[in-house]
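One structure is given here, and the rest of the page talks about it.
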Amino acid sequence: MLIYAVNLIYLLFFLLVYLQDRRRLINGFLFFILLMISGLSLVMLAGETGNPFLFFLLVIIAMAAVLLLFTGVFIILAISFYSAVNLLRKEGRSKANLLSLLVGIGILLWLVLGMVSFKNVEINDVLSVIMLVVNTILLYLLLVFSNFILSSFIYGIYRPFFRQDYMIVLGSGLMGGNRVTPLLAGRIDRALKVYRRQADKKKKPPMLIMSGGKGGDEQIAEGEAMKRYALEQGIPEDRILVEDQSENTYENMLFSRQLIESREADMKHLHILFSTSNYHVFRAGIYARKAELKAQGIGAKTKFYFWYNALLREYVAILAMHKKTHIVCMLILLVIVGLASLLIHHPDIVTQFI
């Protein structure tokens, strides 16, 4: 009974933390712990009741976990090259589009080095040390990536109530210097879907804030181009505001907040939503929190090959937010793993210092 009580208490604790602020990376870690405790509770319940359905469910979960453990790296390898080929063919060659290709090449090199190291583990100690360092760093990056994915997943569960006061649409570059791209059109359309659903429920539709400044190669500000697109979709001009000074996501949130503050005496009870691409929602939410903007996000769907590469970019950006912390954590982990390896493979050296 103790494990069930712990599970229930922890579930309530997780919901309290999650609902307080969905935009934190710690939520992914807390959710992982919830999954582990819930899994242990299921095992205990299956053993106590002998329920065949629970046994079947646990077997399926265990088989899926084992299958993923042994094939996961090859699945990621295949997806990386699939994404890279489609990106280069359909979107053109750019640094931003090369990330999935670099990940695929990196995995291939890791597999080759791993096989060479395994075959020559006692012949080439230098290679073994290199693989130990590489594997330790990759393990850390994988753990951080898993936490990022879990945090993004549970944040994406959010579904907005149709009582929004403001909707912010985040810009993402223009086509030909003055027209919205299909990606940006998707963000606007996602916002307009909520706008129309709210209006259909006989409620006052939200004010739309088109947020995006003018890039060096653009003829007009992204916010202005987005407004033109919304007008073409039949949205009244008096329901559209333009924020045309921002140059990045943080400024999107900050300047949009300032625009709302200039119109509202009190923001405490406002309901604010932002619309962006699905891969970008979680990081945009983090920037909203940094800008002290109480807003949740929704994401427009993107094609899978583009989504995967963009998700990797988001992960790199998340790492860059706290790069000093991650470097320190990796160094500590390297020291711990190095000492453990030394103790296992060369205990005589360790005993000399004891």
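Glycine is treated like the rest: Cβ placed from N, Cα and C.
Per TrEMBL, these features apply:
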- 165-316: domain 'DUF218' (DOMAIN)
- 6-21: transmembrane segment (TRANSMEM)
- 28-47: transmembrane segment (TRANSMEM)
- 53-84: transmembrane segment (TRANSMEM)
- 96-117: transmembrane segment (TRANSMEM)
- 137-158: transmembrane segment (TRANSMEM)
- 327-344: transmembrane segment (TRANSMEM)
Notebook entry, point to check: What residues in the same chain, six or more past the boundaries of the transmembrane segment (96-117), come closer than 8 Å to it by Cβ-Cβ distance?
Noted result: 73, 76-77, 79-81, 83-84, 87-88, 124, 127-128, 130-131, 134, 138, 308-309, 312-313, 316
Checklist line | Considering the transmembrane segment (137-158), which listed stretch of 6-21, 28-47, 53-84 counts the most C-beta pairs under 8 Å | finding: 28-47
Notebook entry, point to check: Which residues, given as numbers and ranges, are at least 6 beyond the ends of the transmembrane segment (53-84) yet have a Cβ under 8 Å from it?
Noted result: 39, 42-43, 45-46, 97-98, 100-101, 103-104, 107-108, 111, 304-306, 308-309
